[in-house]
Amino acid sequence: MIGIDIIKISRMGALLERFGSKAMGRFLSKDEIELVKNHKTASGFWAAKEACSKALGVGIGAECGFHDITIFKSSNGAPNIRLSQKIVKEFNVKSISLSITHDGEYAIAVVTIESTAANKI
């Protein structure tokens, strides 16, 4: 399955300026917050988590929350994605890939998920 999301970076900027790190804690773990350098990075992480939930076919909600999805960086700085064991098991996730890009005022993310005879997908 494939999921895609786009967010206007200034929208994330306004959210973070208004609510600060408290807002980031709603959708990012402490480790993820440490990776966020600016509004652009936060926007990419938001888009990645939204795209992942869409690839699972459920969106962000009761079945898959923001904290079930973790964004981390590889040794060469590329973004990677990891799912909680609950999500891996429930959706029979075999593999997952992430791409994040920024263009002008937008952050865009695409997530692909391969699963075995999934319950949900």
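Glycine is no exception: its Cβ is also placed from the backbone N, Cα and C atoms.
As the structure is a computational prediction, the values presented were derived from the model and not from experiment.
What Swiss-Prot records for Asp5, Glu50 is Mg(2+) binding site, and it gives sequence analysis as the kind of evidence. For Asp5 (Mg(2+) binding site), the Cβ neighbour count at a 10 Å cut-off comes to 21, with all displayed protein chains included.
Neighbour count (other Cβ atoms within 10 Å of the Cβ, all protein chains): 22 for Glu50 (Mg(2+) binding site).
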